[in-house]
Amino acid sequence: MADSRPKPANKTPPKSPGEPAKDKAAKRLSLEAEGAGEGAAAAGAELSALEEAFRKFAVHGDARASGREMHGKNWSKLCRDCQVIDGRSVTVTDVDIVFSKIKGKSCRTITFEQFKEALEELAKKRFKDKSAEEAVREVHKLIEGKAPIISGVTKAISSPTVSRLTDTSKFTGSHKERFDPSGRGKGRAGRVDLVDESGYVPGYKHAGTYDQKVQGGK
């Protein structure tokens, strides 16, 4: 026997044709807002001029360095190249003492945060006539945007031995025949005795001038 009771009506109202479009628009706005938030986070993650300089000096001379930690040698170079060391208020000894004080007992490097602490220590000595905050800002200005200075490029040193082996004008024998007066190699002509079939004896300097002499005499 079939159930004659009336079925309850569906209370969920049907969606209008325009509602799917509204849902898509809301979803798009949500995604755009998330993208903007990620962009702001990325912008905030950009390196400051001070940290960028720190990383450049941290990787100097070490291809395997990550740039997140700095050795004492590079710390000293940074202080020299950026003129934190002035030879009066701040010396190389001061720089070494501060580095040993800031780094951990069992560590050989300092992080960027420790680097800033070390600069605060040196700022007190470098700019004694300024307040602590002003002194730190002045030290930061000395370093921001800087990079390691490459110096001590090896120069060629001339010696009698090197000159004898490389100066073609001093070559003798068969070696001399391989180069022209300018020092340029003659190629195959300088290595192989080529047969001269011109009819002139070797060493004759007026080859090919007979016709000119005859015509000039007429």
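Glycine too: its Cβ is placed from the backbone N, Cα and C atoms.
On a predicted model such as this, the values are computed, not experimentally measured, just so you know.
Positions annotated as Zn(2+) binding site by Swiss-Prot: H60, H71, C79, C82. The compositional bias 'Basic and acidic residues' annotation in Swiss-Prot covers 20-31, 174-183. Per Swiss-Prot, the feature phosphothreonine maps to T12, T91. The phosphoserine feature in Swiss-Prot is assigned to S16, S30, S106, S158, S159. The region 'Disordered' annotation in Swiss-Prot covers 1-37, 165-192. Among the features that Swiss-Prot reports, region 'Mediates interaction with LIMK1' is placed at 1-115, with the record citing similarity to another entry.
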Most Cβ neighbours within 10 Å, among the binding-site residues C79, C82, goes to C79
Tell me, by DSSP, whether H71 (Zn(2+) binding site) is helix, strand or coil? strand
Please identify, among the recorded positions C79, C82, S106, the one with the smallest Cα-Cα distance to T91 (phosphothreonine). C79
Could you tell me which of these modified residues, T91, S106, has the greatest number of Cβ atoms within 10 Å of its own Cβ? T91
Within 10 Å of the Cβ of H71 (Zn(2+) binding site), how many other Cβ atoms can be counted across all chains shown? 19
Roughly how many Å separate the Cα of H60 (Zn(2+) binding site) from that of S106 (phosphoserine), to the nearest whole number? 23
Cα distance (Å, whole number) from H71 (Zn(2+) binding site) to S106 (phosphoserine): 13
